[in-house]
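**Student:** The following block contains the structure, expressed as structure tokens.
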Amino acid sequence: MNAVLWYDWLLCRRSRSFWASAALTPLLFAVMALQGAIIPNPLGGVTGTQLFLFCLLIPCCGWMSAALVSMNAIGALNLGSGESANRFVEEAYHESGRPMAGMVLAHVLLSCLLALPMLAIVIGLHCWWGTITDPSLLCSPLAWSGYLCTALSVFVTVAAMILSSGHNTNELVLAMMVTLVPIIAVMTVVIIALTLCPLAIPPLAIVVIAVTMAVAIRHCRRRYTDTFRSLG
Amino acid sequence: MPESTPIAISVRNVTFGYTRHDTVLDHVGFDVPHGQSLAVLGYNGVGKTTLFRIITGLLRPRSGEAIVNADVIHGMRDVFMLSADGALAMQLSLRENISFRAKLFATRQDPSPIDLDQLDRLPLIEAFGLADRLDTKVGELSSGLRRRADIAVGLLFHPHLVMLDEPTNAVDPATRDLLIELSHQLSDSGRTLLTITHDLDYCWRIADRAILFDHGRIAIDRRIADFPDFDTFKAAMTIDEPHPAVLFGFNEERSHRS
């Protein structure tokens, strides 16, 4: 896992496009959240901007960081359209004899570490702009749903990009689009829950994350076969 | 090869397709004795690379199984597969690529499987002429040098099962000769070698046995020593596809002009 973390970070920190995307993303997402102001009536005491921020744009920070890390890891940021991605990390990791889940977790860990400052910038900007005035909002069920959905989004995106059989940029773009589905699903559930039972949001998010992780681990085990065994 | 030689790889009745409707490999089965140098031949798209990926566990067959014998090969760390796409990150230098692999292959018992400070003195690095290129980004190397680097980096960790997918692609005649010598030394040291190649002369010079694939099945599986000479081998290992007169349209263009 350390080797993959070292490798991912080395690639990311040397990529200009990575730094440009990482810097611009929180700024743009923070501005986009302001669009929530067009929703006239607050939902369960939550304004439209706060709803956009925690349900959509904070999880999108996770989605973006995971996409950046994954695409760097498979060399996809340097590819032309339709060109094949380099899967040698996968091959080398498999040859090292370690469980393949470790490789996925390393990508997830770096993506989470990258998502954290992005998330802090977005929230910081909104505190500065005055759209978040009550600090207790940052620990509310709505906020927790946003944080957990960020983790979920990182996990789903990394798993889809790394474990999908997508070997070229076209398929990877498709995988990236599909990974937006959990964010949309969570946003819908949160909006419904806000009106019915806000306290149910965090446990619900934990259940969703646990189920997603179980599915991904099962997929990971199924994707790679263990051919190393005694002939008997 | 003596009859009692243990099996290193067993491919048993493997069928594989990338989609539900196509079949790339169709009930393929063979054993590779430990220490044998096996060449895998066949036209493009016949499933040679797919077979390698099934053996290493990167692809799951629809039916059947591939086994790397744990009684002979001591772990997946003992397996090196050079894929056709290469085995190195383009954005990193050769030294960083080696460092990544060293970190990946490190264990508690052996935390430094390779001396990273003495890389330029390692025989493989010297033999492939890479000592002066250690700090060059792999993407900046010529395709021939990149191929040499791919092979050298994988072999630095002394694998016992070496699987090379078209190693002579994009290499100059001198490197090709180097690869032939390398294959001989790998075989002499008792390693099992599997090579995918279209280069029949290379195959003739490095392999103990050749398997020819056709339409997803093994068409020919024979020991090289069974062929009296290279011409007979070449004739046997070349699939005679009927070639009707092929027109590329250039003659038509000339007649229009005149």
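Glycine is treated like the rest: Cβ placed from N, Cα and C.
According to TrEMBL, the protein has these features:
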- A:18-39: transmembrane segment (TRANSMEM)
- A:51-79: transmembrane segment (TRANSMEM)
- A:100-124: transmembrane segment (TRANSMEM)
- A:144-163: transmembrane segment (TRANSMEM)
- A:172-194: transmembrane segment (TRANSMEM)
- A:200-220: transmembrane segment (TRANSMEM)
**Student:** What residues in the same chain, six or more past the boundaries of the transmembrane segment (A:18-39), come closer than 8 Å to it by Cβ-Cβ distance?
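**Tutor:** Same-chain contacts beyond the flanks: 11-12, 47-53, 56-58, 60-61, 64-65, 68, 72, 77, 114, 117-119, 121-122, 125-126, 129, 131.
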**Student:** Would you mind listing the long-range same-chain contacts of the transmembrane segment (A:200-220), meaning Cβ under 8 Å and 6+ residues beyond its ends?
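**Tutor:** Answer is 100-101, 104, 141-142, 144-145, 148-149, 151-152, 155-156, 159, 163, 182, 186, 189-190, 193-194.
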**Student:** Can you work out which residues elsewhere in the same chain, 6+ from the ends of the transmembrane segment (A:51-79), have a Cβ less than 8 Å from its Cβ atoms?
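**Tutor:** Long-range Cβ neighbours of the transmembrane segment (A:51-79): 4, 7-8, 11-12, 15, 17-18, 21-22, 25-26, 29-30, 32-33, 35-36, 39, 43, 85-87, 89-90, 107-108, 110-112, 114-115, 118-119, 122-123, 126, 131-132, 142-143, 145-147, 149-155, 157-158, 161-162, 168-169, 172, 176, 179-180, 183, 186-187, 190-191, 194.
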**Student:** Under 8 Å between C-beta atoms and at least six residues away from its ends: which parts of the chain pack against the transmembrane segment (A:172-194)?
**Tutor:** 43-44, 46, 51, 54-56, 59-60, 63, 66-67, 71, 74, 76, 85, 142, 145, 149, 152-153, 156-157, 160-161, 164, 166, 200-201, 204-205, 208, 212
